[in-house]
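Colleague: Handing you this structure, nothing more for now.
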Amino acid sequence: MTKKKSYLFLAAAAVLIGIDQLIKVFVSANLPRDGSVVFIKNFLNWTYIENRGAAFSILEGKRWLLVVATFLMVCICIYLLLSKRVTRVPVQLSLSLIIAGGVGNLIDRIFRGYVVDYIDLNFKPFDGFAIFNFADCLVVVGTILLFICILFEDFIFRKKTVEEKEVPHA
């Protein structure tokens with residue numbers, strides 16, 4: 001059952017990758033190359049940029065380094081997701097989100113040479129913050145969830161010892 005559940009999480013990741021790529025095709029075809037389109041006034045703009053680096057444009061121009069690093073990260077996450085050791089749904093969910101976001105941006109880097117970013121928050125304190133995309137959101141949410149799972153694993157997921165199990169009252 002665990003292996004079957006793991007494949008369901010991979011299938012969900014594939015759907016999210018498809019959504020990410022469809023959004024990027026739409027954005028690339030419809031957003032102006034200069035300026036922004038106001039989506040929700042004083043909250044959210046759509047701004048097309050071609051990010052040739054990683055988050056905050058770090059490692060700009062290091063396309064193949066980013067391709068290799070992302071590929072390795074995705075492979076590790078897939079291995080963990082399919083391993084028998086990862087059985088907790090929140091951990092599987094976090095890995096599938098990281099896989100989906102990583103592959104979404106990996107596809108861009110390989111086939112476009114850059115990542116299409118378009119989400120531009122336009123409210124304090126995020127006004128002027130980095131422009132990002134759906135795949136970035138998946139990686140961030142997946143990473144935060146994984147961090148929470150690791151941080152609170154003993155508290156949330158630990159199995160009760162024999163002494164802690166409730167004894168039914170007669």
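Each Cβ is built from the backbone N, Cα and C atoms, and glycine gets one as well.
TrEMBL feature annotations, pasted as is:
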type	residues	note
TRANSMEM	64-82	transmembrane segment
TRANSMEM	89-111	transmembrane segment
ACT_SITE	D117	active site
TRANSMEM	131-152	transmembrane segment
ACT_SITE	D136	active site
Colleague: Do any residues, 6 or more residues outside the transmembrane segment (89-111), come within under 8 Å Cβ-to-Cβ of it, and if so which ones?
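Modeller: Sequence-distant neighbours of the transmembrane segment (89-111): 5-6, 9-10, 12-14, 16-17, 20-21, 24, 63, 66-67, 70-71, 73-74, 77-78, 80-81, 133-143, 145-146, 148-149.
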Colleague: Taking the Cβ of D136 (active site) as centre, how many other Cβ atoms lie within 10 Å?
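Modeller: Looking across every protein chain shown, the total is 21.
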Colleague: What is the separation, in Å, between the Cα atoms of D136 (active site) and D117 (active site)?
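Modeller: With distance taken Cα to Cα, D117 (active site) is 9 Å from D136 (active site).
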Colleague: Let me know how many other Cβ atoms fall within 10 Å of the Cβ of D117 (active site).
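Modeller: Excluding its own Cβ, the number within 10 Å is 23.
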Colleague: Reduced to three states, what secondary structure does DSSP give D117 (active site)?
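Modeller: Its secondary structure by DSSP: strand.
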